[in-house]
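Positions annotated as compositional bias 'Polar residues' by TrEMBL: 1-12. If you look up TrEMBL, you'll see 1-459 marked as domain 'Major facilitator superfamily (MFS) profile'. Annotated region 'Disordered' per TrEMBL: 1-20, in sequence order. For 66-91, 103-122, 128-149, 161-183, 189-211, 274-298, 310-330, 337-358, 364-393, 405-428, 434-451, the entry in TrEMBL reads transmembrane segment.
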Amino acid sequence: MWGSQSSSMYKRTSSREYSPMVDVEDNSRLLLDDDDDVSKETETTNPPWICSLPHVLVATLSSFLFGYHLGIFCLVVSVCLGGAFIGSLFSGGAADGLGRRRAFQLSALPMILGAFVSGVSNSLAVMLLGRFLVGTGMGLGPPVAALYVTEVSPAFVRGTYGSFIQIATCLGLMAALFIGIPVHSITGWWRVCFWLSTIPAAALALGMFFCAESPQWLFKQGRIAEAEAEFERLLGGSHVKTAMAELHKLELDKTDEPDVVTLTELLYGRHSRVVFIGSTLFALQQLSGINAVFYFSSTVFKSAGVPSDMANIFVGISNLLGSLIAMVLMDKVGRKLLLLWSFIGMALAMALQVGATSSYLPHFSALCLSVGGTLVFVLTFALGAGPVPGLLLPEIFPSRIRAKALALCLSVHWVINFFVGLLFLKLLEQLGPRLLYSMFSTFCLMAVMFVKRNVIETKGKTLQEIEISLLAKP
């Protein structure tokens, strides 16, 4: 069974061989000796990707649930967003304090309870309580999923595995659309929609009992032998020594830093620049107008005579297609190039929307531009701006601050998400579609310039290599 402790011919090195010595010179000598041993004894090929795949697939159940709950009953989506903001604030502390696996299980609990409460509710207040509970799980799960997938994936497929998060979200949205079809014809079916979501939530909580814990988290806790054992499960025995040597080299390259990560350190400390980059990426992702497009795309299609259910399916297919293309390209062309292509495509798609508002165009041509612009926007978003930030940020954040820095950045994401959804219709009425879509296009072009100037490429590098390279920069 893939979840059980594997036995292999690889002889595990004792933690003593890896543990730092008191004398700095001895430390350096030990590291050099280890590096020599690694070059002689370990394989130069990539580790088998199949070892880590089951663990990643279980983790993406949280993203499936995220998409599913966004897809059902948008009238109370704002309550979910409030709960998600609260959940994201606590996600870093939960992931660091409890470990990645238990944090997943913690996120599943409010989703199960909230779905049950919403399903049995007979009043709006009880429904809102259930949705708020679900929202806290939605806010807690995605940051932990991004952390976990990044930390357990081999470097050469980390981008591909990271794309699974976006694909699972798309599948969750589409599942909600299809399961919700009988709502208008079957009395009480909306309760079934909620109750069905408890199945993947329970599968996530139970599946995590059989998944590997993050070796990076175990190493931070001083549980060296356990970290080594999990590396063996995830990478295969012949790659353990290399991975452990990189972790110890990273520890030697660091200056003395406190164990506790504070908000002040994230905002003003030595790592404030990468936190700023992460927060800005998520802010620009939301200011591009993606959630305005998702929430109100049915209105655009309705004006073209397309039923809302069909409109949602078209948008879902575009989202899924873009995510699948991103999965294929992520580890080939890299994160930065996909981000650039994505934001450029989104800017052009918004330009199509602006063109559709022209009074000089025939009505049918304007409708084609509007519908086409919507679908192209969703497709290009899913190519890069959707999946890349959640993958890139855990890669560039140092291991000590990774969980809490990602929690802070995702909190920014939820705040802007909420206000874009809240203000979009008011701004549309006051400014008109031409000016509003022009603003969204401008934000996309700003994102292109920001990515070109600030984002580094992480394709094919181990997390330790990325962190060491960032520490070497002034």
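Backbone N, Cα and C atoms are what each Cβ position is placed from, and that goes for glycine too.
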**Report entry** When counting Cβ pairs under 8 Å to the transmembrane segment (337-358), the leader among 161-183, 274-298, 310-330, 364-393
**Finding:** 364-393
Query raised in the report: Quick one: do the transmembrane segment (103-122) and the transmembrane segment (274-298) have at least 3 Cβ pairs under 8 Å, skipping pairs fewer than 6 apart in sequence?
Result: no
Query raised in the report: Based on Cβ pairs under 8 Å, which of the stretches 274-298, 310-330, 405-428 lies most in contact with the transmembrane segment (364-393)?
Result: 310-330
Query - Chain residues outside the transmembrane segment (128-149) and at least six past its termini with a C-beta under 8 angstroms from it - result: 55-56, 59-60, 62-63, 65-66, 69-70, 73, 76, 79-92, 94-95, 100, 103-104, 106-111, 113-119, 121, 158, 161-162, 164-165, 194, 197, 201, 214, 390-391, 393-394, 402-403, 406-407, 410, 414
Report task. Any chance you could find the range in 66-91, 189-211, 310-330, 405-428 with the most Cβ pairs under 8 Å to the transmembrane segment (274-298)? Result -> 405-428
Query raised in the report: Residues sitting near the transmembrane segment (405-428): Cβ under 8 Å, six or more positions beyond its termini, same chain?
Result: 77-78, 81-82, 84-85, 88-93, 95, 139, 142-143, 146-147, 261, 263, 266, 271, 274-275, 278-279, 281-283, 285-287, 289, 291-292, 295-296, 393-394, 397, 436
Query raised in the report: So, do the transmembrane segment (310-330) and the transmembrane segment (66-91) meet, by the test of 3 or more Cβ pairs under 8 Å (sequence gap 6 or more)?
Result: no
Query raised in the report: Between 0 and 100, where does the mean pLDDT of the domain 'Major facilitator superfamily (MFS) profile' (1-459) sit?
Result: 84
